Amino acid sequence: MIVTGVLLFILLELFAQGSQAFKALDPEEAWYVYERCHEDHLPSGPNRETYLKTWKFWKLEPNDAVTHCYVKCTLAGLQMYDEKTNTFKPETVPVQHEAYKSFTEVESSKVNELQQALSSLNAGSGSCAEVFNAYLPVHNKYVGVSRKIYHGTVDSVAKIYEAKPEIKKQEESFFAYCAKKALGANGKEGYTKLRDYELADSAEFRNAMDCVFRGFRYMDDSGLKVDEVVRDFNLINKSDLEPEVRSVLASCTGTQAYDYYSCLLNSPVKEDFRNAFYFHELRSANYGYLAMGKVYEGPEKVKEELKKLNY
């Protein structure tokens with residue numbers, strides 16, 4: 001009986017962990033996936049805009065290596081494909097549907113068909129090309145369904161934002177969003193402190209910084225994502241600081257967002273960290289910033305653009 005009880009407990013734990021892994025994406029999270037995959041896979045050169053326009057209309061063209069890797073990136077971000085196990089994840093489709101079905105108005109029968117279609121796919125070696133070729137027929141048949149489920153239509157997204165004001169809005173920076181979320185009535189004052197990089201060791205300020213770090217994708221439930229922090233230094237043309245940034249973060253005694261934030265602000269890279277953080281704040285109000293071909297033009301230009309953002 002004891003063994004049976006232990007086995008049941010383990011199975012329940014595994015089920016709970018699996019359920020937690022498939023949390024439905026809200027519009028902000030889906031938008032981030034699309035734009036980050038644009039950033040990572042759009043080619044430079046004259047064809048960049050053509051790729052971007054085509055993908056934004058949910059057309060997986062042209063059928064080439066660039067589009068193949070963009071599709072794999074997007075499927076992984078939307079939790080429809082798992083890179084670690086190299087398998088498609090049909091079980092996540094109804095989870096996403098159930099969370100927003102009152103807004104998307106997609107027929108459950110169509111969702112079931114999409115789920116069944118995904119369940120029959122084989123990712124092969126897991127290469128971009130094999131994942132793309134496996135998924136393309138499913139996409140072509142069910143693009144109308146998946147586009148609604150995964151927040152690809154303007155009308156349904158607008159309804160969700162109206163009904164759920166707790167979701168970060170487009171054109172709202174994560175500094176502004178997190179100040180309001182974590183500091184409530186003191187949001188304006190807290191926003192100023194966040195923008196001015198003042199250290200305020202309070203529970204509210206710590207919560208605000210945790211919100212910002214998660215919004216910037218510096219952290220998730222598994223901990224700090226050092227590569228994401230380093231990436232922001234690279235984007236302000238400070239890739240030479242990578243060893244020092246990694247060293248600062250590795251030697252930080254705490255493990256919370258506020259701790260890492262404080263360590264960076266009290267390190268030799270503090271000024272560059274401020275610049276990187278400012279630049280990410282600007283981009284957090286428009287996830288398509290880099291995909292549109294914009295680049296870092298220095299701290300003064302960033303501050304000038306930040307002034308245009310509404311708190």
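Here, residue 1 is simply the first one shown, and the rest follow in order.
Glycine is no exception: its Cβ is also placed from the backbone N, Cα and C atoms.
Within the set Cys73, Cys128, the cysteine that Swiss-Prot bonds to Cys37 via a disulfide is Cys73. Here Cys37 (disulfide bond) is compared against the disulfide-bonded residues Cys69, Cys128, Cys178, Cys211, Cys252, and the shortest C-alpha distance is to Cys69. The separation of Cys73 (disulfide bond) from Cys263 (disulfide bond), Cα to Cα, is 32 Å. Close to Cys73 (disulfide bond), meaning Cα to Cα within 10 A, are none of the disulfide-bonded residues out of Cys178, Cys211, Cys252.
In the three-state DSSP scheme, Cys252 (disulfide bond) is classed as coil. Local packing around the disulfide-bonded residues Cys69, Cys73, Cys128, Cys252, Cys263 was summarised as the count of other Cβ atoms within 10 Å of each Cβ; on this measure the leading residue is Cys73.
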